[in-house]
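First comes the structure, then the notes that go with it.
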Amino acid sequence: MEVKIFNTQDVQDFLRVASGLEQEGGNPRVKQIIHRVLSDLYKAIEDLNITSDEYWAGVAYLNQLGANQEAGLLSPGLGFDHYLDMRMDAEDAALGIENATPRTIEGPLYVAGAPESVGYARMDDGSDPNGHTLILHGTIFDADGKPLPNAKVEIWHANTKGFYSHFDPTGEQQAFNMRRSIITDENGQYRVRTILPAGYGCPPEGPTQQLLNQLGRHGNRPAHIHYFVSADGHRKLTTQINVAGDPYTYDDFAYATREGLVVDAVEHTDPEAIKANDVEGPFAEMVFDLKLTRLVDGVDNQVVDRPRLAV
């Protein structure tokens, strides 16, 4: 039986009451957002004839999502993070701003307070038995294309099991393992020694993967390395690079892959290269330069204020 009541005055009045629009006090912006979201959800219930059983299954799902702390995982999986990037790209295009280094999603696993050094850092603690040495380096350029000294380059990535320090369920990693902040040298360069990361998948029994299963989708990410780059007079850049050749590089469940952000890991076995890089054996090398953009009327209009773990 088809029931159509959404457009009745009773329902529209009720939406205003439920959203607090008829009450003094509260936050007007929150009221505006809740009214729109409630309206869209009520309309979806009517248009799709969502049953009470389906509705309460959804409520139970949200409870489980919160209990597992996976909202930050589901968000990129449903494309919300990428959509926000698309909106910022469109805003930049309207302002005539060209992003030589594309932005992409931050992800949920940044931790503030990583050890800081100038020019160079060793990121891994050397304890991963499967770790393959990686030398990652590049130059930070300013908005005019000149090397930028004193820029802050924050880098973080997973280990060979796909786990991040501070979020590793095995408890095997030390604090800030594979998390560092590097201040670029007088030539605008940064350099780190670390290990090649592995990609990861959503917890197979968790609510994110359960929903992806219903959508016929996998929950895998390719091997990747995260960046924040900031400098005086420039907008903070949030991006990440994917390791070329990973089977999920162009099939990332989080939709973070973008042209210009796929980097080859070049293998080196030459004894002279091994000696020059002060490593113990064969290693991989990745080179990634980044270019920043100027502030907009003195303001960083792309900085995102969101809850992040701080240690």
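Including glycine, each Cβ sits where the backbone N, Cα and C put it.
Following the DSSP three-state reduction, the secondary structure of Tyr200 (Fe cation binding site) is strand. Less than 8 angstroms from the CB of Tyr200 (Fe cation binding site) sit Ala158, Gly162, Phe163, Asn220, Arg221, each of them six or more residues away in the same chain. Here Swiss-Prot flags Tyr164, Tyr200, His224, His226 as Fe cation binding site.
Annotated catechol binding site per Swiss-Prot: Tyr164, His224, Ile225, His226, in sequence order. His226 (Fe cation binding site) counts 23 other C-beta atoms within 10 Å of its own C-beta, drawing on all protein chains shown.
Same-chain residues at least 6 positions away in sequence with a Cβ under 8 Å from that of Tyr164 (Fe cation binding site) are, in sequence order, Leu109, Trp156, His157, Ala158, Gln173, Met178. Under the three-state DSSP scheme, Ile225 (catechol binding site) falls in the strand class.
In this entry, Tyr164, His224, Ile225, His226 make up the residues listed for catechol, with the farthest two CA atoms of the set 12 Å from each other.
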